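According to Swiss-Prot:
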BINDING   G24, K25, G26, G27, V28, G29, K30, S31  ATP binding site
BINDING   C201, C204  [4Fe-4S] cluster binding site
Amino acid sequence: MAEEIVVEPESLREIEHIVLVLSGKGGVGKSSVTTQLGMALACRGLKVGILDIDLTGPSLPRMVGMEGKSVLQGPRGWIPVDVPTGMEQGCLRVMSLGFLLDDRGDSVVWRGPKKTAMIKQFISDVYWGALDYLLIDTPPGTSDEHISIAEELRGARPDGAIIVSTPQKVAVADVKKEINFCRKVNFKLLGVVENMSGFVCPHCSECTNIFARGGGESLALESGVPFLGTVPIDPAFVEMIESQSSREEPLISLYKTSGLYPIFARIVQHVLDQGIPSRCQ
């Protein structure tokens, strides 16, 4: 039987590193984590892209303040939307189904084959140009969509996956399934981020545990996966996202002054310290 030839999509050939962001269930803040990972990398002067493949809940346009922007069609495919950074070096580009919908309230009611076709098109038909990092925001859970993503990326040799959890036991149980999925499809586990770990008071900035704490860290240790850090709920970050359209200063410039930026700078450093070689070597 002839061996199947796996070809890397041409659209990904100028990208040094590809990282998937996964979660075992919805509502854990995966898209927020993906956005902040992208901004923290861009703050280092790196060229970053974010591909939003969460087809039924495409929230990245709103997260980066680019709602209403249009995706252009170029000779080499769709051209992602550039997010203003206010920096001389680095960039942040975003592609999402949200840019293709007429209204944020439009629902995406598609059967599996149509979702699979859209995932394939997003991976193979978006022209990113040269990037240091491409972050892929995936749907929650494990489904046919995840299998399609894994199949489309086989020839691309992604760096691996970051898994987002919250401290509660029900979320941690779902993360175990995500870890098993990654191992079955040969995605390297770059680490676990425990999101919503505490609440930052908007008045005194004290962080208080409102859920259990340490569930993600314990699971990472138990599973032999790096633990990248804990992220609290910060109302100031939510306010920054919601009010950015009325401000002239670029989102990334605002983000560098937020209390969450140092946390994500450390998380990014933990990933970089793993020393994963460039795909382009």
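The backbone N, Cα and C atoms fix where each Cβ goes, glycine too.
Projection of Swiss-Prot feature records onto the structure.
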{"residue": "G24", "record": "ATP binding site", "CB count, 10 Å": "24"}
{"residue": "K25", "record": "ATP binding site", "CB count, 10 Å": "18"}
{"residue": "G26", "record": "ATP binding site", "CB count, 10 Å": "14"}
{"residue": "G27", "record": "ATP binding site", "CB count, 10 Å": "11"}
{"residue": "V28", "record": "ATP binding site", "CB count, 10 Å": "24"}
{"residue": "G29", "record": "ATP binding site", "CB count, 10 Å": "19"}
{"residue": "K30", "record": "ATP binding site", "CB count, 10 Å": "27"}
{"residue": "S31", "record": "ATP binding site", "CB count, 10 Å": "23"}
{"residue": "C201", "record": "[4Fe-4S] cluster binding site", "CB count, 10 Å": "11"}
{"residue": "C204", "record": "[4Fe-4S] cluster binding site", "CB count, 10 Å": "8"}
If you take the centroid of the Cβ atoms of G24, K25, G26, G27, V28, G29, K30, S31, the listed ATP site, which other residues of that chain have their Cβ within 8 Å of it? S23, P140, V164, T166, A171, N195
Rounded Cα distance, in Å, between S31 (ATP binding site) and C204 ([4Fe-4S] cluster binding site) is 27
Inter-residue C-alpha distance, C204 ([4Fe-4S] cluster binding site) and G24 (ATP binding site) (nearest angstrom): 33
Inter-residue Cα distance where the pair is C201 ([4Fe-4S] cluster binding site) and V28 (ATP binding site), in Å: 20
G29 (ATP binding site) to C201 ([4Fe-4S] cluster binding site), Cα to Cα, whole Å, comes out at 19
